[in-house]
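S.K.: Pulled these features from TrEMBL for this protein:
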- 29, 30, 31, 32, 33, 34: ATP binding site (BINDING)
- 379-449: domain 'Lysidine-tRNA(Ile) synthetase C-terminal' (DOMAIN)
């Protein structure tokens with residue numbers, strides 16, 4: 001028994017202590033990595049050996065794809081392991097992303113059809129290092145690290161990567177010792193992908209600096225995963241105190257009473273979104289904006305996110321909300337109603353009217369009592385518009401948007417507020433403004449804004 005075999009057997013028993021009772025699918029390419037993993041699994045002691053099947057996906061992109069499939073079938077037959085083969089029925093337009101999605105769909109179908117307990121892949125220590133370097137190059141965001149975990153989830157199944165403690169070199173050495181037949185993918189020798197360039201030119205130099213690089217990478221990854229789990233547990237205690245309410249596809253609550261710096265709040269919301277809104281993608285800048293609003297907790301603000309989502313903040317309250325495209329693009333300011341003097345007008349579910357005298361037996365609501373020099377004969381009821389201003393009693397003017405902010409009107413309600421206009425002057429704004437004459441003379445007239453069901 002080789003040293004690698006002994007180490008693998010010990011690691012496997014720790015990773016899957018009850019593997020003998022498990023039905024597992026090995027994602028098999030026929031390359032050296034998955035072939036070595038197949039050989040190691042087949043030679044496990046019976047007490048830890050799983051019920052194993054292979055899943056091979058032929059992308060049919062290379063001229064030798066059919067020959068590779070034949071070799072895979074020979075390997076499966078030699079080990080007497082069930083083999084499931086899929087073929088990609090692609091069109092003329094192909095990409096790495098579409099090929100990956102097709103392979104994932106195939107693996108999910110195999111897992112479903114075989115009622116398997118989980119999936120095994122042959123990612124090794126060099127893959128882990130390369131993935132972490134790529135994540136650092138692309139974003140540097142903590143939630144993208146470590147990238148590859150020994151145990152994670154693949155859709156509705158568990159996914160194990162038992163070769164992460166081992167180097168590519170060790171796997172090749174094992175394949176040579178055992179004289180394992182496998183496929184050599186010649187595209188791996190080309191520098192046309194960032195991963196290949198790292199593999200050929202960067203990683204060898206790093207390994208020269210310290211031969212224990214992969215061991216340190218695994219240690220760093222394990223510690224990072226553990227710290228992330230601890231952070232989840234800690235933050236979960238705060239989530240319970242946030243009065244969270246999930247309704248109609250949105251989630252709202254109250255900011256927790258916890259002291260964090262800007263980066264701390266950014267990581268807080270990053271974790272929150274991953275747990276409660278896993279399909280929502282927030283970039284670094286958006287998380288920074290949300291974190292800044294949380295620290296200030298003043299006024300009403302909005303952060304637009306991807307796919308019609310937004311973050312709404314009203315002092316200590318917050319909401320993650322998704323707008324339907326037609327709702328997001330609707331022009332609320334175009335909604336208006338003409339209100340002739342002393343007449344009722346249907347407005348949504350209510351009736352509004354402007355009257356010189358309150359009608360007899362009126363049982364509705366006196367919305368406002370206004371003073372004017374001259375009573376207009378026609379009024380307009382509409383929503384807020386860009387550039388709206390209201391006149392103050394001292395004769396000065398104030399932007400309506402500023403008045404709404406000062407009055408602490410929630411951001412989500414500002415565009416919905418009703419505005420009463422006559423002769424291009426705002427006379428009333430729902431809940432926050434009544435027009436008043438600066439000098440009330442004997443000729444001042446009183447008009448009444450009324451509402452009834």
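All residue numbers here begin at 1 and follow the chain in the order shown.
Glycine is no exception: its Cβ is also placed from the backbone N, Cα and C atoms.
Keep in mind the model is a prediction, meaning the values are calculated, not measured.
Show me how these features fit into the structure around them.
M.R.: In the three-state DSSP assignment, the secondary structure recorded for residue 30 (ATP binding site) is coil. If you draw a 10 Å sphere around the CB of residue 30 (ATP binding site), it holds 24 other CB atoms from the protein chains shown.
As a summary of secondary structure, the domain 'Lysidine-tRNA(Ile) synthetase C-terminal' (379-449) carries 11 helix, 28 strand, 32 coil according to DSSP.
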S.K.: Cβ within 8 Å of the ATP site's Cβ centroid: which residues qualify beyond 29, 30, 31, 32, 33, 34?
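M.R.: Not counting the recorded site residues, we get 28, 35, 36, 122, 182, 183.
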S.K.: Looking only at the domain 'Lysidine-tRNA(Ile) synthetase C-terminal' (379-449), report the model's average pLDDT.
M.R.: 85
S.K.: Which one of these binding-site residues, 29, 34, has the sparsest Cβ neighbourhood, judged by other Cβ atoms within 10 angstroms?
M.R.: 29
S.K.: With every protein chain in view, what's the tally of Cβ atoms within 10 Å of the Cβ of residue 31 (ATP binding site), excluding that atom itself?
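M.R.: A 10 Å sphere around the Cβ of residue 31 (ATP binding site) contains 18 other Cβ atoms.
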S.K.: So for residue 32 (ATP binding site), how many other CB atoms are inside 10 Å of its CB?
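M.R.: The Cβ of residue 32 (ATP binding site) has 21 Cβ neighbours within 10 Å.
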